[in-house]
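**Student:** The structure's right below; bear with me while I get my questions together.
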Amino acid sequence: MDDEVREKLIEAGKILKQAVNEAAEKIAPGVKILEVAEFVENRIIELGAKPAFPANISINSDAAHFTPKKNDERTFKEGDVVKLDVGAHIDGYIADMAVTVDLGDNTELVKAAKEALEAAMEVVRAGVSVSEIGKAIEDAITNYGFKPIVNLTGHGLLPYLNHAPPSIYNYATEKGVTLEEGMVVAIEPFATNGVGKVGERGECEIYSLLNPRPVRMKMAREILKEVEENYKTLPFAKRWLKKAPDIIISKLAREGVLRAYPVLTEVSGGLVSQWEHTLIVEDGGATITTK
């Protein structure tokens, strides 16, 4: 990894850490979810980076991919378990970070995912198998009496690609990819008091450009032009676009031009906690860009 790339990764992480920590302090009962999402996204820009994807603010049994709609009036409530998962990039070099804010009495659930992340980061180094990382995560979560979510993973990060190989499972697998020096990875344990699996629910506000190709409708062409120019292959929120009629966005997703990211929720309705950091893999350890 050359010095310029490393500097951009570390700067993106530094900016993201500040923005996320400031945003987390604003999460409280009665506050609009949209207010926090817009704050953290705008703060990233103010500090000199760009959002790598829309702020995910998934609450209670929702684990991932919830972002508010334009003019969304929904608010945080007493008792909520709030996951704030945000990304920032500089010239496509991405940092990814998540924290959980507990507005109720779920201290142990929150600690389970946080300690799982700490345990996982302790074993990250060039030459380690992702199965060893998964075991560290699983052991930490099950020690608290909770379950890891088995179908959500940590992941690699590449320029303008926020989910790349390798997948880093939150449990011990029989085989696994070996981490290499210079890899950039996001480790994100999810803990739950449910059965440990997520499924899709209907709501979807996040999309990315999957297969750019000519389309007939004028407004569809305008949407794709805006997406290509501003977000490239990174995910975007419908509320970020000048115009985003549901019927056109849905049609582009059905046709495979856009990829949809529906909200993922714990299938048994269990509460979910999450913590995440981004790491540059090195010989003998790693640099955590978001800590």
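The chain as shown is numbered from 1 upward.
Yeah, the Cβs are placed from backbone N, Cα and C, and that goes for glycine too.
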**Student:** Hey, Swiss-Prot has divalent metal cation 1 bound by Asp96, Glu276. Any idea which of Asp72, Asp80, Asp85, Asp105 it lists too?
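**Tutor:** Candidate in the recorded divalent metal cation 1 site: Asp85.
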**Student:** According to Swiss-Prot, Asp96, His155, Glu276 bind divalent metal cation 2; which of Glu188, Glu200, Glu229 is also listed for that site?
**Tutor:** Glu188
**Student:** If I take the alpha carbons of His65 (substrate binding site) and Glu188 (divalent metal cation 2 binding site), what is the distance between them in whole Å?
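**Tutor:** Rounded to a whole number, the Cα-Cα distance is 14 Å.
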**Student:** Radius 10 Å, atoms counted are CB only; among the binding-site residues His65, His155, His163, which position scores highest?
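**Tutor:** Per the Cβ count, the most surrounded site is His65.
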**Student:** Determine, using Cα-Cα distances only, which of these binding-site residues is closest to His163 (substrate binding site): Asp85, Asp96, His155, Glu188, Glu276.
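**Tutor:** Closest by Cα: His155.
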**Student:** Could you tell me which three-state DSSP class Asp85 (divalent metal cation 1 binding site) falls into?
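**Tutor:** The three-state answer is strand.
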**Student:** Suppose the divalent metal cation 2 site is Asp96, His155, Glu188, Glu276. Which further residues of the same chain have a Cβ inside 8 angstroms of that site's Cβ centroid?
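**Tutor:** Along the chain, the qualifying residues are Asp85, Met97, Ala98, Gly154, Ala186, Ile187, His277, Thr278.
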**Student:** May I have the list of same-chain residues other than Asp85, Asp96, Glu276 whose Cβ is within 8 Å of the Cβ centroid of the recorded divalent metal cation 1 site, in sequence order?
**Tutor:** Asn56, Val86, Gly87, Met97, Ala98, Ala186, Glu188, Gln274, His277, Thr278
